[in-house]
């Protein structure tokens, strides 16, 4: 069987994996020249088209993402605790500083007080040694007041009063023969209370008065007076009290007394019958 010569022989390709060519990449298939001589005037067939370029190699795999630090939350908590401790220490130091400042201030005041006391004591000692006595202390004004209570053995007029025992009081005022003697001019509140009682009521008129004696007046001057009538039921046991009190402008050497109409009916208990005054 003969093959027509107007057709070229099929081309044969060979691959040499060990040979390398500067014009072809490794593994390129090269055509093998045919051993059949070509005819005169026959065109050489065009070379085969170059093979398509190989795809680029795949990119290398990405490195694994770093894991988040496990102790980040713990570090935040630790930092917060340290900040709180810092503020606590700062507050403690500030308090300690304030306390030390107050202590220093108190010590300074105490030292100044001791120094002033020492200076006063030294000055007083020097005055005593030199012979200059210190000024006498100021005397407080004596309060003018008197409170006298009934005297059971009183048998005459004016009434006599207890001025020594019991709840009596005398200050800045003198007591003389049943009367209070004023030694300083001024406003005084004068008061007197007399307690009357009896086994059988006779409704005798009763009077109770406070009067004043002074050499400037020719006779006694009645200051206060109380009268009682129809104060009990006839034939029955009874008791009645009379109280007098008012403000007067008294002068020195005035003498005040108390008089009653029925001395035998007076109860002289200190809580029931009394006489007194005090300066306003």
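The backbone N, Cα and C atoms fix where each Cβ goes, glycine too.
Annotated by Swiss-Prot as region 'Disordered', the relevant range among 78-116, 117-155 is 117-155. Looking only at the glycosylation sites 183, 249, 259, the one with its C-alpha closest to residue 201 (disulfide bond) is 259.
The 10 Å shell around the Cβ of residue 232 (disulfide bond) contains 19 further Cβ atoms across the protein chains shown. Other Cβ atoms within 10 Å of the Cβ of residue 259 (N-linked glycosylation site), summed over all protein chains shown, number 19. With helix defined as DSSP H, G or I and strand as E or B, the domain 'THD' (144-280) counts 3 helix, 73 strand, 61 coil.
The shortest Cα-Cα distance from residue 183 (N-linked glycosylation site) to any of the recorded positions (232, 249, 259) is found for 249.
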